[in-house]
Amino acid sequence: MDIAGVLLVGGESRRFGRQKAFAHWKDKEFYQWSFEALNEETQNTVIISHPSIEENLKMMYDQVYLDDLKYRGKGPLAGLYTGMKKIKANWYAILPCDTPNITRDVLAELKELRDERFDAIVPVIEGKKQPLIALYHKRTLPFIIENLEEGNLRMSSLLDSISVLFANNLKSPSSAFLNINDQDTYQKCRSF
Ligand SMILES: Nc1nc2c(ncn2[C@@H]2O[C@H](COP(=O)(O)OP(=O)(O)OP(=O)(O)O)[C@@H](O)[C@H]2O)c(=O)[nH]1
């Protein structure tokens, strides 16, 4: 398979106070915006879920998995690892569940930038790297494992260990990358 989608829904949502995946945004729930973008721009999408919402998601989707036991609770890197283990592809598009303005256009732009010289395509929006809205080649798997084994759980550690194309000039608006982690931001942005 050329490209697979990995939707990360395995977080604790501590700052949000309840599972943000199911928060409402326009006529959908947060995670659905990401799922649809992945579904439209990849050949197959897996959902890597938190145990507390696994059953809910399984009622709607076939490919719902928990983080591999070996790395459960270790954050998004564990989710990316699990996605790569569950589905075989050359490239993986990953998205978090808390960027409800995300569109398929963002992924389409990243796909266009794929280049075999790079292991990952990562947007930079207003100076901030976006490693959870990105593409990773399958050859990054050993580096992901190495980072997990060494306890380097930050996505930035992975980026330091692979060859990354940082995409600074995407046509998609920066609003597509809006990341909602807490109730204040949610209430403020919802009222726009
Ligand atoms: N599969 C998987 N996804 C995760 C994990 N931790 C975070 N995520 C996802 O990664 C994205 C970004 O998560 P964060 O906002 O950094 O963390 P969070 O745990 O959801 O929220 P906080 O508890 O408030 O930090 C979200 O889509 C999360 O669901 C994990 O351990 N496994």
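We number each residue from 1, going along the chain as drawn.
The backbone N, Cα and C atoms fix where each Cβ goes, and this holds for glycine too.
Curation plays no part in TrEMBL annotations; they are all automatic predictions.
Annotation source TrEMBL lists domain 'MobA-like NTP transferase' at 5-154.
Among the features that TrEMBL reports, GTP binding site is placed at L8, V9, G10, K20, D67, D98. According to DSSP, D67 (GTP binding site) sits in a coil region rather than a helix or strand.
Taking all protein chains in view, 27 other C-beta atoms sit within 10 angstroms of the C-beta of D98 (GTP binding site). According to TrEMBL, the Mg(2+) binding site annotation covers D98.
Shown in sequence order, I48, P76, G79, L80, G83, I94, L95, P96, C97, L132 are the residues of the chain, 6+ apart in sequence, with a C-beta less than 8 angstroms from the C-beta of L8 (GTP binding site). Residue environment of G10 (GTP binding site) contains 27 other Cβ atoms, counted within 10 Å of its Cβ in all protein chains. Taken as a whole, the domain 'MobA-like NTP transferase' (5-154) shows an average pLDDT of 97 in this prediction.
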